[in-house]
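Here is the structure we will look at.
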Ligand SMILES: Nc1ncnc2c1ncn2[C@@H]1O[C@H](COP(=O)(O)OP(=O)(O)O)[C@@H](O)[C@H]1O
Ligand SMILES: Nc1ccn([C@@H]2O[C@H](COP(=O)(O)OP(=O)(O)O)[C@@H](O)[C@H]2O)c(=O)n1
């Protein structure tokens with residue numbers, strides 16, 4: 001059997017990373033790790049505990065005393081925060097609006113990267129996020145930088161939210177996505193950036209199936 005590889009998928013909000021990563025991981029029999037869900041989980045806890053979100057030390061300390069666990073499920077992945085299922089809660093606008101501030105802290109990133117590297121160690125893995133190709137898995141055999149126009153990404157998130165009974169207006173979503181992309185791209189530690197050796201994939205005009213197929217083809221070339 002061919003040795004499994006590591007696949008890193010980075011890109012801005014709602015580009016399709018987790019949807020495509022799940023499909024690719026399932027087809028290959030690899031594990032899927034949604035690193036955004038990990039940053040969302042610690043953000044939820046910081047908000048619940050009324051922490052000063054601007055404090056690197058406070059949030060870093062909180063993470064040291066927190067257990068974040070990702071479990072595969074039929075619909076993708078369940079997220080547990082200190083043993084409690086928070087899969088739905090971490091997608092709320094309340095968390096979404098605060099997550100980029102938390103994810104910018106050095107003490108948070110150091111711990112998360114360490115944890116993510118442990119989860120991926122020695123296994124076939126598809127991992128998605130913002131700094132996977134640049135920091136978490138710099139030696140990944142395949143790196144993808146996935147994007148789409150901000151209008152299309154907002155439209156996709158709007159449709160997704162409708163199914164979850166979240167009714168944020170389209171214009172507000174587009175603004176929130178653009179602001180989060182800016183914060184993620186301009187932060188000091190591990191900003192959102194295409195790794196030099198990553199392949200750019202624009203999904204604006206692609207269906208989910210087409211985007212997944214493009215990555216599966218690139219994977220097959222790496223497995224030869
Ligand atoms: N190529 C695509 N065409 C149409 N919709 C897509 C495509 N890729 C993803 N989506 C939809 O867009 C939404 C956001 O995708 P998601 O995978 O959550 O993005 P990300 O992980 O990059 O934030 C989901 O509802 C998903 O079903
Ligand atoms: N590897 C990662 C993954 C996410 N994040 C942060 O976590 C946030 C939420 O990530 P996500 O992937 O769940 O976001 P969506 O694209 O699904 O909206 C991002 O906006 C980043 O601030 C990060 O800093 N590094």
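Numbers here mean position along the shown chain, with the first residue as 1.
Just so it is clear, glycine is given a Cβ too, placed from its N, Cα and C backbone atoms.
What you see is a predicted model, and the numbers here were worked out from it, not measured in a lab.
Quick look at what TrEMBL lists:
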- 11, 12, 13, 14, 15, 16, 17, 18, 19: ATP binding site (BINDING)
- 7-218: domain 'Cytidylate kinase' (DOMAIN)
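Shown on the structure are the features that TrEMBL records.
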residue	record	CB count, 10 Å
11	ATP binding site	28
13	ATP binding site	24
15	ATP binding site	28
17	ATP binding site	29
19	ATP binding site	18
Next on the checklist: Just to be sure I understand the contacts, which binding-site residues have a Cβ under 6 angstroms from any atom of ligand 2? Candidates are 11, 13, 15, 19.
Outcome noted: 13
Checklist entry - Using an 8 Å cut-off from the Cβ centroid of 11, 12, 13, 14, 15, 16, 17, 18, 19, can you name the remaining same-chain residues around the ATP site, in sequence order? => result 128, 146, 148, 153, 203
Checklist entry - Does DSSP put residue 15 (ATP binding site) in a helix, in a strand, or in coil? => result coil
